[in-house]
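K.L.:
Right, I'll just put the structure down here and ask away after.
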């Protein structure tokens with residue numbers, strides 16, 4: 001007897017054919033079943049079973065279940081998981097990567113109705129992606145802010161700025177960092193994680209909770225903070241906020257361990273691994289109830305792969321100017337730009353003749369302007385920009401919320417002018433903010 005496969009209605013694709021229940025005459029079609037004990041580790045199987053025990057109005061838990069499916073699919077290319085994840089991605093608007101999974105599912109089960117649906121839909125999606133790319137690369141006048149249109153960083157940003165703090169200024173920063181005990185350094189890293197997420201609008205906690213987390217870290221002990229302590233940002237629930245902060249801390253620690261090595265280098269695999277780490281919780285998030293229809297709104301982000309894979313372009317609004325947009329690298333040029341970025345980054349972090357904060361500013365500008373990923377570029381850029389600092393025994397960058405407006409204005413100014421002098425504001429902000437953060441942590 002056919003047993004209905006478990007699903008979460010928010011993540012179901014009603015447009016595809018029914019492949020869960022083959023007709024009696026379709027004897028050659030592989031039947032999709034829930035993973036048994038022979039095809040999946042028992043602990044993972046229990047985790048999968050639990051993921052479907054979600055109340056219809058528990059949207060945070062539904063997003064958590066979707067992340068579970070994604071994680072399990074990386075281990076088990078099982079038809080049931082292929083179907084659930086493909087449906088979920090399709091429902092959340094990620095049609096390109098959803099179709100890749102539907103094709104893999106067809107290769108496994110050979111369902112002719114699925115193939116008949118995939119082929120024409122794939123042609124439509126590819127056509128839409130091509131049209132969208134053309135519109136992005138050749139926009140109408142006025143679509144993007146003056147000075148914020150895409151210009152290749154491989155061509156226009158070949159060299160770091162010629163700016164140097166005095167040796168005494170660098171030594172003052174280094175001395176403060178070196179004077180910190182290990183437990184105080186750990187608190188500084190916690191502070192970095194909190195502030196970098198505040199800058200990006202992911203989560204923002206009230207000041208008493210910030211102090212508690214700087215001291216205690218981001219364990220899954222939800223007694224440290226409650227939902228009412230989250231006063232802003234996209235993530236408004238304690239469980240996901242703490243998980244997000246743990247992701248940030250883990251990525252920061254991985255980068256610190258990497259870049260302190262003498263032969264440290266950045267390549268595609270390393271960059272994508274750091275991105276996967278820092279965005280693990282961000283992969284699927286519940287955002288809000290849509291006012292127009294009362295339905296939940298979820299957001300999906302591809303992690304560990306660049307925008308070339310997902311064929312998505314991204315924009316951002318200038319701070320406090322909702323009608324003015326920034327144009328980043330078109331998705332079809334991302335890999336090419338990164339191939340130029342990696343060797344320059346690796347050379348720059350080894351150069352003793354370049355001021356470490358000037359090197360950090362160049363890394364920040366170039367990486368953010370490429371914007372290689374759908375999400376997480378800002379947080380990851382500040383970690384990468386810390387590499388020349390930590391190799392000189394300086395603290396990682398830490399920009400506080402109070403620096404948000406001048407920080408983003410400085411980045412936009414560099415993107416507009418592309419001169420060595422245009423970096424001056426960003427370099428000064430980075431230096432002052434890092435010193436201020438050291439003092440702030442000591443005072444907590």
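Even glycines carry a Cβ here, placed using N, Cα and C.
Pulled the feature table from TrEMBL, pasting it below:
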type	residues	note
ACT_SITE	371	active site
BINDING	375, 376, 377, 378, 379, 380, 381, 382	ATP binding site
DOMAIN	266-432	domain 'Fido'
K.L.:
Long-range same-chain neighbours of residue 375 (ATP binding site), Cβ under 8 Å, sequence gap at least 6?
P.N.:
279, 282, 301
K.L.:
If you take the centroid of the Cβ atoms of 375, 376, 377, 378, 379, 380, 381, 382, the listed ATP site, which other residues of that chain have their Cβ within 8 Å of it?
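P.N.:
Output for this site, in sequence order: 196, 200, 278, 368, 373, 383.
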K.L.:
Whole-number Å distance between the CA of residue 377 (ATP binding site) and the CA of residue 371 (active site)?
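P.N.:
Residue 371 (active site) has its Cα 6 Å from the Cα of residue 377 (ATP binding site).
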K.L.:
C-alpha of residue 382 (ATP binding site) to C-alpha of the residue listed as 'active site': distance in Å?
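P.N.:
Cα-Cα, rounded: 13 Å.
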K.L.:
Report the mean pLDDT of the predicted model across the domain 'Fido' (266-432), rounded to a whole number.
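P.N.:
Looking only at the domain 'Fido' (266-432), pLDDT averages out to 95.
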K.L.:
So, in DSSP terms, is residue 375 (ATP binding site) helix, strand, or coil?
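P.N.:
For residue 375 (ATP binding site) - judged by DSSP and reduced to three states - the answer is coil.
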K.L.:
State the Cα to Cα distance, in Å, between residue 379 (ATP binding site) and residue 371 (active site), rounded to an integer.
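P.N.:
Here the two Cα atoms lie 11 Å apart.
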K.L.:
For a quick check of packing: other C-beta atoms within 10 Å of the C-beta of residue 377 (ATP binding site), how many?
P.N.:
22
